[in-house]
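A.B. asks: When I checked TrEMBL for this same protein, it listed these features:
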type	residues	note
COMPBIAS	100-109	compositional bias 'Basic and acidic residues'
COMPBIAS	110-119	compositional bias 'Basic residues'
DOMAIN	15-87	domain 'Sm'
REGION	100-119	region 'Disordered'
């Protein structure tokens, strides 16, 4: 189940963040705002779309490549996340949302005095109708 603040949960359920979350433990490429890119295995993504990659290769705008064991990418630096072609997007979203489906909270069924009184009157009316219908006609 997705863990985070209410704002993060809202983003997860109402944006394509769930698609990125479904790519955990898969190799992806992330384009950054400064025209560089990072390729690696997606370790985690949070509700703000901050991304952690492991076994990553950082390519700067000049084409230099740097191998990194772990890298954290702040959400505001992400320009584009490449989805692998082997991933069916619709299926991945449905599966991710199904796995993290929120369980509805059970609320107590305490009834107000007004509702209890109305229910009592209703039951008395139904009871009197049943008694009248079982009596032989005159």
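Each residue, glycine too, has its Cβ placed from N, Cα and C.
A TrEMBL annotation is a machine prediction, not a hand-curated record.
Buried or exposed, and what's around them? Tell me for each listed feature.
C.D. replies: For the domain 'Sm' (15-87), the model's average pLDDT works out to 93.
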A.B. asks: Helix, strand, coil residue numbers for the domain 'Sm' (15-87) per DSSP?
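C.D. replies: Residue counts for the domain 'Sm' (15-87) by secondary structure: 8 helix, 38 strand, 27 coil.
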A.B. asks: Tally of helix, strand and coil residues over the compositional bias 'Basic residues' (110-119) according to DSSP?
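C.D. replies: Per-class counts: 7 helix, 0 strand, 3 coil.
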